[in-house]
Amino acid sequence: MNQIPQHKSLVIGLTGGIASGKSAAAAKFVELDIPCIDADQVARDVVEPGEPALQHIAEHFGSALITPNGVLDRAALRKLVFNDPEQKKWLESLLHPLINQRIRDWLGACKTPYCILASPLLLETRQRELVDRILVIDVPESVQIARAMARDQNSEDLVRRIIATQSGREYKRQHADDIILNDKDLAHLYHEVAKLHEYYLELAQHDR
C-alpha cells in the first residue's frame, strides 16, 4: 500500500466534476501563495518525449500513437482505450504509479503551511491516500452541463457521458471534509476559497 509521505505541509486534495470550477479555485489558492500541483499536468509530464512511459506505450500499442515529432497522440490514445477496459487497465497500471510518485516527491518538498493537490480523479484513485483533507467544488448538474457546453462547445449528450464516467455528486459530497457550492459567480467562489485559506492556515498551525 502507498504510504502517505512524511511531509511537513498539510495536504488538501481539491477535486470536482467537469466544469465545477476546480481550476478557478486552484488558481485562487495560488494567488494566495499556496503551492498547487495539478495531477492532470503530471499525467502529461510522465509521457513527454524521453520519458520511459512513452516508450512503453509505443511498444504496447504501436508507434502509430507517436507523432512524427515524437509526441504522444493523446486523442488517439484516449479513443483506443475508451471502449476497451483491458487496455485502459494496462495503461493505468503503467501511469498511475509514476504519477503518484511524482506527486509524493512534490508534496515531500513542500515547505508552506499547506499545499494543494488538484485532481479530478482524487476519489477514484489512490491519490486520496496522499492527502489529509478533501475539498470538493460542488455544483448542481444542470449548472455543470450548461457551463461545460458553453466552455468546450460540446453537445449535451457528450457532457452527460463525461459526467457519467466520474464519481457522482453525492459520492463526492459524502467523502468531502470541506465543500464549496459553486453555483454563483467567480467573486463568490473566490470569497469561499479565501475563507477556507484562513481555516487551513489555522489547521496547519494547530494540527501539524
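From the backbone N, Cα and C atoms, a Cβ is placed for every residue, glycine too.
Some features that Swiss-Prot has for this protein:
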- Ala19, Ser20, Gly21, Lys22, Ser23, Ala24: ATP binding site (BINDING)
- 11-207: domain 'DPCK' (DOMAIN)
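Sequence features annotated in Swiss-Prot and their locations in the structure.
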residue	record	CB count, 10 Å
Ala19	ATP binding site	23
Ser20	ATP binding site	24
Gly21	ATP binding site	23
Lys22	ATP binding site	24
Ser23	ATP binding site	17
Ala24	ATP binding site	14
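In the predicted model, residues of the domain 'DPCK' (11-207) average a pLDDT of 94. In the three-state DSSP reading, Ala19 (ATP binding site) counts as coil. Apart from Ala19, Ser20, Gly21, Lys22, Ser23, Ala24, the ATP site neighbourhood in this chain, defined by C-beta within 8 angstroms of the site C-beta centre, holds Gly16, Ala25, Ile137, Val139, Asn182.
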